[in-house]
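Notes for the one structure printed next.
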Amino acid sequence: MKLKGEKQESSDYSEGSKGKMTLLLALVALISAFGSSFQYGYNVSVINSPAPYMQDFYNQTYFNRSGVPMDSGFQTLLWSLTVSMYPLGGLFGSLMVWPLVNNCGRKGTLLINNLFSIAAAILMGTSELAKTFEVIILSRVIMGIYAGLASNVVPMFLGEMSPKNLRGAIGVVPQLFITLGILVAQILGLHSILGNAEGWPVLLGLTGIPSLIQLLILPFFPESPRYLLIQKGNEEQARQALQKLRGWDDVDDEMEEMRQEDSSEKEEGHFSVLSLCTFRGLRWQLISIIVMMMGQQLSGVNAVFYYADRIFQSAGVDKNNVQYVTVSIGAINVVMTLLAVFIVESLGRRILLLAGFGLCCVSCAVLTLALNLQTTVSWMSYLSIVCVIVYIVGHAIGASPIPFVMITEMFLQSSRPAAFMVGGSVHWLCNFTVGLVFLYMEAGLGPYSFLIFCAICLATIVYIFFIVPETKNKTFMEINRIMAKRNKVEIQDDKEQLEDFHTVPGGQAEKKEISSSEL
């Protein structure tokens, strides 16, 4: 047992000294996040600001065609379709992850995906000229498919490329660019810039530019070394890709670790979603991903953004200035996610998840109180502003970025695409559900709807506290071994012999202690 500890330390030391941020790795992270994740964020918030002008366009187009004004019920239906087709497309996109990343590779999928975005951008940008609103709704579906693929493939691609001591930080970069996309859309959507009757088609069409940039630059960067070695069996290309990414020639340790992962998975083969759901050895990983993704979307982040304008108005902010307040919330979101990039490796994933959901839980509870009392107690409206800000901070440091990092880390190469497909589908399905249900919930429950979000956050905290292990600075194999104990499976024996850890019956209990202290 002692021997195992020593071996562990020495390998940690040799790899720890290696995992530095190279220029190439930074560029890959920036190009793939800017070209893909950025647009996910941009398209989440891009239609909020020009909504009244777009609805006028819908109305005018309908009137020009039929000679009668549009029925208000029909207009509401069309607008809810425009909004909700995006997460629905995201669900379709997530379902395409598994076949695409296995057949075309991670980089190949990102490149193919750009075609969706460019097509949708051209359609949306020209919709006013073509005098058709149906095209906007169709483009929202296409953009959703794009975002569904991007939100899953970018974290997978970057997580597989990163050295283990930078995996968390690089894994948060996509989320950072999502928040940046939201912020840029909010700024460009100000009434004085593009959020007006003339500017909205340009605002919608701009989304194609990052895709075009990525389409031109990404082909010059390497594919994921893990994909090349484990799925393509091309050792030479994998070694070259790793050498480029790490900035030196000696990549034997990492190659060895990938080979171990490869040989330990030979007998399992590639997981489809069905085999992933029925495989006992990955049961807790799968449940954890589903719980974290549901917690992330059902914790009410969309509702808080939706309510924010109203909360600030009731606190006495002028109606015309509310849009600037929305932009400042977007900016807080970006700054806190940037902070997460720097603290995720020192504090670890667990702490950020617990703290993030904890802040969301408390602020939802206090917000319910503040919204109910703001008519009677004058300073309550300021308390609700504080709650909104605390909520955004909590979501930005933990609930938003970390679940995607965890999918990359909790699964090995053969099951990762299927896991992303499940996690991504849950993410978008919950997003879609909240979008549909929240308006009814708000009409029926008013401010009390935040108590439901509070309960969801609390349930997620309890689950994470008892089940989800800390994964920072561990190799994929080490994380797999911790989870194997939780799954009570013994498929790990052959893997441990691979690494010359011969466990004796007495050593088993000792190991269990160690792993529970890691949890």
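Just so it is clear, glycine is given a Cβ too, placed from its N, Cα and C backbone atoms.
Note: TrEMBL annotation is automatic and uncurated.
According to TrEMBL, the protein has these features:
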TRANSMEM  21-42  transmembrane segment
DOMAIN    29-472  domain 'Major facilitator superfamily (MFS) profile'
TRANSMEM  77-98  transmembrane segment
TRANSMEM  110-130  transmembrane segment
TRANSMEM  136-158  transmembrane segment
TRANSMEM  170-194  transmembrane segment
TRANSMEM  200-221  transmembrane segment
TRANSMEM  286-308  transmembrane segment
TRANSMEM  324-344  transmembrane segment
TRANSMEM  351-373  transmembrane segment
TRANSMEM  379-406  transmembrane segment
TRANSMEM  418-441  transmembrane segment
TRANSMEM  447-468  transmembrane segment
REGION    500-519  region 'Disordered'
COMPBIAS  509-519  compositional bias 'Basic and acidic residues'
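Each of 21-42, 110-130, 286-308, 418-441 was scored by its Cβ pairs under 8 Å to the transmembrane segment (136-158), and the highest score goes to 110-130. Tertiary neighbourhood of the transmembrane segment (110-130): same-chain residues 32, 35-36, 39, 57, 100, 104, 136, 138-140, 142-143, 145-146, 149-150, 153-154, 157, 200-202, 204-212, 214-215, 218-219, selected by CB-CB distance under 8 Å and a gap of 6+ residues from either end. Within the chain carrying the transmembrane segment (21-42), a Cβ under 8 angstroms from the stretch's Cβ atoms is held by residues 110, 113-114, 117, 143, 146-147, 149-151, 153-154, 157-158, 161-162, 166, 170, 173-185, 206-207, 210-211, 213-215, 217-218, 221-222, 244-247, all 6 or more beyond its ends. At the 8 Å Cβ cutoff, the transmembrane segment (351-373) and the transmembrane segment (170-194) share fewer than 3 close pairs (sequence separation 6 or more) and do not count as touching.
Contact between the transmembrane segment (447-468) and the transmembrane segment (77-98) is absent: fewer than three CB pairs lie under 8 Å, with pairs separated by 6 or more positions in sequence. Across 77-98, 170-194, 324-344, 379-406, 418-441, stretch 170-194 shows the highest tally of CB pairs under 8 A with the transmembrane segment (200-221). Long-range contacts of the transmembrane segment (170-194) within the same chain, counting only residues at least 6 positions beyond its ends with a Cβ under 8 Å from a Cβ of the stretch, are 25, 29-30, 32-34, 36-46, 48-50, 151, 154-155, 158-159, 161-162, 200, 202-203, 206, 323-324, 326-327, 330-331, 333-334, 337-338, 340-341, 344, 396, 400-402, 404-405, 408-409. Taking Cβ pairs closer than 8 Å, the transmembrane segment (286-308) reaches residues 45, 276-277, 325-326, 329, 353, 357, 360, 364, 388, 391-392, 395, 399-400, 402-403, 406-407, 410, 419, 422-423, 426-427, 430-431, 433-435, 438, 442, 449-450, 452-453, 456-457, 459-460, 463-464, 467-468 in its own chain, all 6 or more past its ends. Taking Cβ pairs closer than 8 Å, the transmembrane segment (324-344) reaches residues 45, 168-169, 171-173, 175-176, 179-180, 182-183, 186-187, 190, 305, 308-309, 312, 317, 352, 388-389, 392-393, 395-398, 400-402, 405, 472 in its own chain, all 6 or more past its ends.
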